[in-house]
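Asker: Below: one structure in structure tokens.
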Amino acid sequence: MRKPIIAGNWKMYKKLSEASQFVEALKNKVPSAEKVDAVICAPSIFLTSLVEAAKGTDLAIGAQNMHFEVEGAYTGEVSPSQLSDIDVQYVVLGHSERREYFNETDEAVNKKAIAAFENGLTPIICCGETLEEREAGQTVAKVSSQITAAIKGLTPEQVATSVIAYEPIWAIGTGKTATAADANETCGEIRSAIAQAVNEEVAQAVRIQYGGSVKPANVVELLSMEQIDGALVGGASLDAESYLQLLEAGANA
Ligand SMILES: O=C[C@H](O)COP(=O)(O)O
């Protein structure tokens, strides 16, 4: 059985004091990392403080993006080695908002995934279709090609330890969730694409999250699905109580 992973993606929300209060509110309440991997992906400016605040807990801290070069003249960017140097453990790659607003391509996501592993970070690689693509019956083709491109050149062991997040774009921040059955089916298709690109053993090991309006009210059903191993959560991860409920659901899945 694959261990559930619940990752909060705070996007561009919170002030530092609110971020610190959040971690304080979680103290002694995060379920054991033996049962669920708990991650908060925060704005870069908070990462150092949050890593420090989360020490001694089972909460891991992740970034929301990074460059693929370890250093260089890239004003405004953060490098994989800078993240690992401050003990960040995860990095979200290829989120639909990065793809849409910052022109992140499949090729860049692939370079970042390789760089993540070279620097000891676990990538959370996102994929997902637009409503238009879904209605045109292109969901499977879209997510399969995004994931196949993202994992190119990774070793089987690296693919197996990657985290994939399936986020239908029309379900992000809209209150619309894919039905658990639909989400399960697409996660299964992503697994098949990985089996084809690497092998069946790796496909069975890799964890696939669902993301898109996940909240305490729907997380149990989503996590009960065979192909869904966790959630990448935006809005509902901003409140400590709500995030803890998501973690509990993960620990009991
Ligand atoms: O990374 C998280 C996703 O974009 C989902 O966001 P949401 O839970 O607010 O819909």
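Cβ atoms here come from the backbone N, Cα and C positions, even for glycine.
Automatic prediction, not curation, is the source of TrEMBL annotations.
This is the feature table in TrEMBL:
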- ASN9, TRP10, LYS11, GLY173, SER213, GLY234, GLY235: substrate binding site (BINDING)
- HIS95: active site, electrophile (ACT_SITE)
- GLU167: active site, proton acceptor (ACT_SITE)
Asker: Which binding-site residues from the set LYS11, GLY173, GLY235 come near ligand 1, judged by a Cβ under 6 Å from any of its atoms?
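Answerer: The ones that qualify, in sequence order, are GLY173, GLY235.
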Asker: Using the centroid of the Cβ atoms of ASN9, TRP10, LYS11, GLY173, SER213, GLY234, GLY235 as reference, list every other same-chain residue with Cβ within 8 Å of it (recorded substrate site), in sequence order.
Answerer: TYR13, ILE172, VAL233, ALA236, SER237, LEU238
Asker: For GLY235 (substrate binding site), what is the tally of other C-beta atoms lying within 10 angstroms of its C-beta?
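Answerer: Total other Cβ atoms inside 10 Å, all chains included: 18.
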Asker: Spatially speaking, which of the recorded positions LYS11, HIS95, GLY173 is closest to GLU167 (active site, proton acceptor)? Use C-alpha to C-alpha, please.
Answerer: HIS95
Asker: What is the separation, in Å, between the Cα atoms of ASN9 (substrate binding site) and HIS95 (active site, electrophile)?
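Answerer: Just about 10 Å between their Cα atoms.
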Asker: I need the least crowded one of these recorded positions (ASN9, HIS95, GLY173, SER213, GLY234), counting other C-beta atoms within 10 angstroms of each C-beta.
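Answerer: Comparing Cβ neighbour counts within 10 Å for the recorded positions ASN9, HIS95, GLY173, SER213, GLY234 gives GLY173.
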Asker: Measure from the Cβ of GLU167 (active site, proton acceptor) and count the other Cβ atoms within 10 Å, all protein chains considered.
Answerer: 28
Asker: Provide the number of Cβ atoms within 10 Å of the Cβ of TRP10 (substrate binding site), excluding the reference atom itself.
Answerer: 22
Asker: Give the number of CB atoms, excluding that of LYS11 (substrate binding site) itself, located within 10 Å of its CB.
Answerer: 18
Asker: For GLY235 (substrate binding site), name the DSSP secondary structure in the helix/strand/coil scheme.
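Answerer: Its secondary structure by DSSP: helix.
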Asker: Translate the DSSP assignment of GLY173 (substrate binding site) into the three-state scheme.
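Answerer: Assignment for GLY173 (substrate binding site) reads coil.
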Asker: I'm trying to understand the geometry here, so how far is the Cα atom of HIS95 (active site, electrophile) from the Cα atom of LYS11 (substrate binding site), in Å to the nearest whole number?
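Answerer: Rounded to a whole number, the Cα-Cα distance is 10 Å.
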